[in-house]
Amino acid sequence: MAAEPNLIRRHRLFRHFWLARSVSLIGDGAAMVALVLLVSRGEHAGTAVSLILLAESVPRFFGPLAGALADRMGVRRLLIGAELVQAAVFGVIVLARPDLALLVPLVAVAAAASTVFSAAGRTVVPRLVDEADLMPANAWMGTAFNLQAALGPVLGGVFTAWGSAYGALAINAGTFVLSALLLTRIPALEPLRTGERKSLLGDTVEGLKFVRHHRVARAIVLLLLLGLFFGSLDNLALVFLAEHSLNTGETGFGVLSASFGVAMVAASLWLVRAAESRSPVWVLLAGWFFTGLGLLLTAAAPVLFAAIAMQLIAGLGNGVANVGEETLLQKAVPGEVLGRVGGTLSSAAFFGSTAGYLAGSLLNPDGNPRLVFVIAGGGIFLALALCGPALLSARGALGSPPDGKPAADGPEDGGLPLSAVPPVASAQTIAPPGGTS
């Protein structure tokens, strides 16, 4: 069945999943701001903020392990468990009001649960919706993630200003409970793999080997890693471009910074209606192309309004690329390893952005922000040159086989031998046509 604009209205199961993810993500975005504000008011504020951010970030590097867990367990059970763990953690923080020594490991536990949810959540959409609806569904999921970035921090600041940081954290705990309740409405989504199981570590290693040998998965992961390595330079240089090169002050920087996120939301909303006839390969590559172009043109922006326009181009590209990436991954990777590949992709994103921030500090962004934008845009084009050919050559292998499984590379295409990939137990589409980040 052809995808329709009203996927959320007509597809009940997907609607429950999208609502659960949206509520949870927005609450999480608000909580992160509240946590930072909470610890920034005590002694050794700089160290405290760094430790909280570190506790939030480090578990994200264990995405392949979380993905292996997602491929071994019933997905619904894992998602609900992850949400309830996070609800319990933030409930403890609100009630016990721990000092920093206990707060940091609690935040790390919540981040670990979030990492598990992210890996498991990546396997849900292709098992709920028909193939024709994959890209519109992923565009809807993209709106949830983009709203987290756009609304979460604002709500966190407002809740903290009007009430307290603990009030914002209590609301976040409630969003996890609400999300868990919504998730009870989706199917159990039992593991797709059959046959003998390895250990959790063995499954993790197998997933990493799959990414290494699967041409499309490898190209997607490498493109995201390199793209975020260079793209993260935007975050470092933007404030200096606004204040030093364009002389706009704090308000100008705020508007300039918001334009990227607004464009990402707009891109997701556009693809909700315009995605069904487009190739995910071209959507992914075009998205990264316009991201790189926007960053390069930002370097040459003579005035604030020109810089805003260029950031809008970059943000639109980034939003489009995210949807293409997710759809391509779901079409190219067998469902029984999708959790591990998705977990690896998430970790690649965190590794790329973290490495980019570290490397960017060596480029003197405050002294020459325009040069940093040139490097950022040029680096993204370099990443496209490296990864684009592998993605373009795989376009013909992305159609679904008759049984509904995503197509995977055969041994002649650089994929694992078929014996290395356990067979899929059943077709991946759970809901009947029209019946359902």
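A Cβ is built for glycine as well, from the same backbone N, Cα and C atoms used for every other residue.
Among the features that TrEMBL reports, domain 'Major facilitator superfamily (MFS) profile' is placed at 215-437.
Per TrEMBL, the feature region 'Disordered' maps to 400-437.
Outside the transmembrane segment (18-39) by six or more residues, the chain places 8, 45, 48-49, 51-53, 56, 79, 83, 86, 90, 100, 103, 107, 114, 117, 121, 140-141, 143-145, 147-149, 151-153, 155-157, 159-160, 165-166, 168-169, 171-172, 174-176, 178-180, 182-183, 437 with a CB less than 8 A from a CB of the stretch. Under the heading transmembrane segment, TrEMBL lists 18-39 (among others).
According to TrEMBL, the feature transmembrane segment maps to 78-96 (among others).
The annotation transmembrane segment is assigned in TrEMBL to 102-125 (among others).
The annotation transmembrane segment is assigned in TrEMBL to 165-183 (among others).
Taken from TrEMBL, the feature transmembrane segment applies to 219-241 (among others). For the transmembrane segment (219-241), the residues of the chain that approach it from at least six positions outside its boundaries are 211, 253, 256-257, 260, 284, 288, 291, 295, 298, 301, 307, 311, 314, 318, 321, 325, 328-329, 332, 341, 344-345, 348-349, 351-353, 355-357, 359-361, 363, 365-366, 369-370, 372-373, 375-380, 382-384, 386-387, 390-391, 394, judged by C-beta separation under 8 angstroms.
Residues annotated as transmembrane segment in TrEMBL: 253-272 (among others).
The transmembrane segment annotation in TrEMBL covers 284-317 (among others).
For 337-359 (among others), the entry in TrEMBL reads transmembrane segment. Same-chain neighbours of the transmembrane segment (337-359): 57, 60-71, 115, 118-120, 122-123, 126, 203-204, 206-208, 210-211, 214, 217, 220-222, 224-233, 235-236, 325, 329-330, 406, 421, counting only residues six or more beyond its ends whose CB sits under 8 Å from a CB of the stretch.
If you look up TrEMBL, you'll see 371-392 (among others) marked as transmembrane segment.
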For the transmembrane segment (165-183), name the stretch out of 78-96, 102-125, 371-392 with the most CB-CB pairs under 8 Å.
78-96
Outside the transmembrane segment (78-96), six or more residues from its ends: residues with CB under 8 Å to it:
20, 24, 28, 31, 69-70, 102-103, 106-107, 109-110, 113-114, 116-117, 120-121, 124, 166, 169-170, 172-174, 176-177, 179-180, 183-184
Contacting positions for the transmembrane segment (102-125) when only residues 6+ beyond its ends and CB under 8 Å are counted:
14, 17, 21, 24, 28, 35, 39, 51-52, 54-60, 62-63, 66-67, 69-71, 73, 75, 78-79, 81-83, 85-86, 89-90, 92-93, 96, 134, 137-138, 141, 186, 189, 326, 329-330, 335, 338-340, 342-343, 345-346
